[in-house]
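Asks: From Swiss-Prot, here are the annotated features:
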| type | residues | note |
| --- | --- | --- |
| BINDING | 195, 315, 316, 321, 352, 427 | D-glucose binding site |
| COMPBIAS | 8-29 | compositional bias 'Low complexity' |
| REGION | 1-29 | region 'Disordered' |
| TOPO_DOM | 1-46 | topological domain 'Cytoplasmic' |
| TOPO_DOM | 68-100 | topological domain 'Extracellular' |
| TOPO_DOM | 122-127 | topological domain 'Cytoplasmic' |
| TOPO_DOM | 147-160 | topological domain 'Extracellular' |
| TOPO_DOM | 182-195 | topological domain 'Cytoplasmic' |
| TOPO_DOM | 241-299 | topological domain 'Cytoplasmic' |
| TOPO_DOM | 321-341 | topological domain 'Extracellular' |
| TOPO_DOM | 363-373 | topological domain 'Cytoplasmic' |
| TOPO_DOM | 395-409 | topological domain 'Extracellular' |
| TOPO_DOM | 431-445 | topological domain 'Cytoplasmic' |
| TOPO_DOM | 465-470 | topological domain 'Extracellular' |
| TOPO_DOM | 492-510 | topological domain 'Cytoplasmic' |
| TRANSMEM | 47-67 | transmembrane segment |
| TRANSMEM | 101-121 | transmembrane segment |
| TRANSMEM | 128-146 | transmembrane segment |
| TRANSMEM | 161-181 | transmembrane segment |
| TRANSMEM | 196-216 | transmembrane segment |
| TRANSMEM | 220-240 | transmembrane segment |
| TRANSMEM | 300-320 | transmembrane segment |
| TRANSMEM | 342-362 | transmembrane segment |
| TRANSMEM | 374-394 | transmembrane segment |
| TRANSMEM | 410-430 | transmembrane segment |
| TRANSMEM | 446-464 | transmembrane segment |
| TRANSMEM | 471-491 | transmembrane segment |
């Protein structure tokens with residue numbers, strides 16, 4: 001028998017044998033056994049792998065922002081396309097509805113992709129799942145990029161659904177993959193890169209949409225065609241990245257391959273301490289069957305799953321996508337004219353990138369933790385919404401120019417607060433509180449909830465805003481007040497802690 005075969009057989013046997021002894025797991029996906037993973041450094045291979053993995057995050061952010069600027073142009077094109085396709089006139093109202101469907105179906109695809117991501121990640125691996133996910137991106141790029149040439153607007157709608165599937169997969173896969181390849185002391189920093197690339201991509205898409213770049217009647221298809229670039233780049237580079245060693249050990253039972261991948265990521269031959277910790281976690285996870293979707297809401301998994309869902313709801317029900325999607329409308333309401341709202345929106349995107357970059361550093365800083373940054377961010381957003389309502393009320397009643405400028409400042413404060421913690425932390429927080437056996441399903445459920453809340457806010461905000469005007473932001477104030485209390489009362493600190501230590505915190509906070 002070869003050395004490789006003996007190693008893999010040994011790892012698999014240890015998983016099998018462990019089921020014959022008393023379990024250190026009371027429920028699948030949880031452990032009472034203390035497993036400590038060592039700290040490490042940012043190596044060239046780890047940095048390269050993180051860059052390649054987060055190209056999928058860029059795709060996610062790009063398609064959040066790329067529909068804003070060309071919306072009016074595409075609506076006009078839909079009217080002409082409908083006439084050519086069906087030889088019938090389409091009213092402006094129905095053209096607006098068709099474009100709204102194209103925008104909203106992105107979130108529907110995201111929900112489906114997010115819910116399916118755990119199955120795909122466990123079936124073909126984290127790296128394999130990203131590979132197949134890029135095929136969806138290429139199909140979507142072809143549909144949306146060629147729609148104008150073909151003259152068929154349903155291609156845009158179908159393309160948005162497919163790219164939504166792609167982004168749903170990546171919004172679960174990327175944080176999970178980053179968390180699994182990171183050393184203990186860099187989990188937060190590398191996990192935050194997902195949100196950083198999302199914010200960078202939103203900014204890039206906003207810049208591309210400017211009228212003197214791609215935001216014209218002839219060039220808007222190029223905005224969607226750009227989807228090909230990160231997809232092809234990731235496809236070309238993925239094979240140079242090691243597979244997740246935790247996945248390879250826990251799901252495939254291949255210790256030899258896991259050790260080889262870990263040596264590349266850590267740039268050292270001595271990975272014995274970390275590989276033994278992975279073996280212990282894999283052995284513990286193998287004691288009982290891998291938890292199914294329904295098991296995630298039972299026993300010891302119920303409490304962490306509930307908190308993971310609440311963290312995703314806190315992110316979306318904070319109103320951040322209202323600030324992002326309708327920022328131009330908000331800035332016009334605050335008194336900006338001409339092209340000023342568009343440039344203000346780009347400025348807001350730049351602030352979001354800068355603050356997210358700072359949060360990447362803060363999240364693993366000795367003086368801060370996940371919980372403290374979440375509380376600080378949610379509190380800042382709560383205060384910002386109250387102040388924004390006050391400024392808009394004064395401005396709408398004929399107040400001085402200072403009220404308009406104050407409203408803009410409060411929107412920026414809102415975005416800064418979001419980037420401090422609620423923007424990045426929920427994405428990798430889910431992977432920190434579950435072991436390898438439950439991580440895929442936990443991410444699937446949490447990401448599906450995130451996308452569902454995204455869709456809910458997107459569909460309901462404009463009707464509510466038409467009814468309540470600036471006072472509609474009080475709804476988000478209420479949500480934020482609740483999530484501040486919930487985070488303070490129930491959410492544990494996870495920085496630098498093992499799964500066992502985190503689960504002990506869960507028990508304290510029940």
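A Cβ is built for glycine as well, from the same backbone N, Cα and C atoms used for every other residue.
Buried or exposed, and what's around them? Tell me for each listed feature.
Replies: DSSP assigns residue 352 (D-glucose binding site) to a helix.
DSSP labels the residues of the topological domain 'Extracellular' (68-100) in these numbers: 25 helix, 0 strand, 8 coil.
On the 0 to 100 pLDDT scale, the model's mean across the topological domain 'Cytoplasmic' (122-127) is 93.
Same-chain neighbours of the topological domain 'Extracellular' (147-160): 63, 74, 77-78, 81-82, 84-85, 98, 101-103, 105-106, 109, 139-141, 220-221, 224, counting only residues six or more beyond its ends whose CB sits under 8 Å from a CB of the stretch.
Here the topological domain 'Cytoplasmic' (182-195) has long-range neighbours at 36-42, 46, 50, 54, 57, 171, 174-175, 266, 274, 356, 359-361, 363-364, 370, 419, 423-425, 427-428, 431-432, 495-496, meaning same-chain residues at least 6 beyond its ends whose C-beta is under 8 angstroms from one of its own.
In the topological domain 'Cytoplasmic' (363-373), helix, strand and coil residues by DSSP number 4 helix, 0 strand, 7 coil.
Among residues of the same chain six or more beyond the topological domain 'Cytoplasmic' (431-445), those with a C-beta under 8 A of the stretch's C-beta atoms are 28-31, 114-119, 121-122, 172-173, 175-176, 179-180, 187, 191, 246-247, 249-251, 281-282, 284-286, 290-293, 295-296, 301, 304-305, 307-309, 370, 492, 494, 499, 502-503, 506.
Outside the transmembrane segment (47-67) by six or more residues, the chain places 102-103, 106, 130, 133-134, 137, 160, 163-164, 166-167, 169-171, 173-174, 177-178, 181, 190, 193-206, 208-209, 223-224, 226-227, 230-231, 233-234, 237-238, 240-242, 265, 321, 324, 349 with a CB less than 8 A from a CB of the stretch.
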Asks: Would you list, in sequence order, the residues of this chain other than 195, 315, 316, 321, 352, 427 that have their CB within 8 A of the centroid of the site's CB atoms, where the site is the one recorded for D-glucose?
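Replies: In sequence order, the nearby non-listed residues are 198, 320, 418, 422, 423, 424, 426.
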Asks: Taking the Cβ of residue 315 (D-glucose binding site) as the reference point, list residues of the same chain whose Cβ is under 8 angstroms away and which are at least six residues distant in sequence.
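Replies: In sequence order, the residues whose Cβ lies under 8 Å from that of residue 315 (D-glucose binding site) (at least 6 apart) are 422, 423, 426, 450, 453.
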Asks: At least three Cβ pairs under 8 Å linking the transmembrane segment (128-146) and the transmembrane segment (220-240), pairs spaced 6 or more in sequence?
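Replies: The transmembrane segment (220-240) and the transmembrane segment (128-146): touching, yes.
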Asks: Below 8 angstroms Cβ to Cβ, which residues of this chain, lying six or more residues outside the transmembrane segment (446-464), approach it?
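Replies: For the transmembrane segment (446-464), the far contacts come to 103-104, 107-108, 110-111, 114-115, 117, 168, 171-172, 305, 308-309, 311-313, 315-317, 319, 321-322, 325-326, 426, 430, 472, 475.
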Asks: With DSSP as the yardstick, break the topological domain 'Extracellular' (465-470) down into helix, strand and coil residue counts.
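Replies: The composition, in the requested order, is 6 helix, 0 strand, 0 coil.
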Asks: Could you name the stretch, out of 101-121, 196-216, 342-362, 410-430, with the greatest number of CB pairs under 8 A to the transmembrane segment (374-394)?
Replies: 410-430
Asks: Should the transmembrane segment (300-320) and the transmembrane segment (471-491) be scored as in contact, given a threshold of at least 3 Cβ pairs under 8 Å and pairs 6 or more apart?
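Replies: The answer is yes, given that the two segments have at least 3 Cβ pairs within the 8 Å cut-off.
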Asks: Give the residue counts of the topological domain 'Cytoplasmic' (182-195) per reduced DSSP state, in the order helix, strand, coil.
Replies: 12 helix, 0 strand, 2 coil
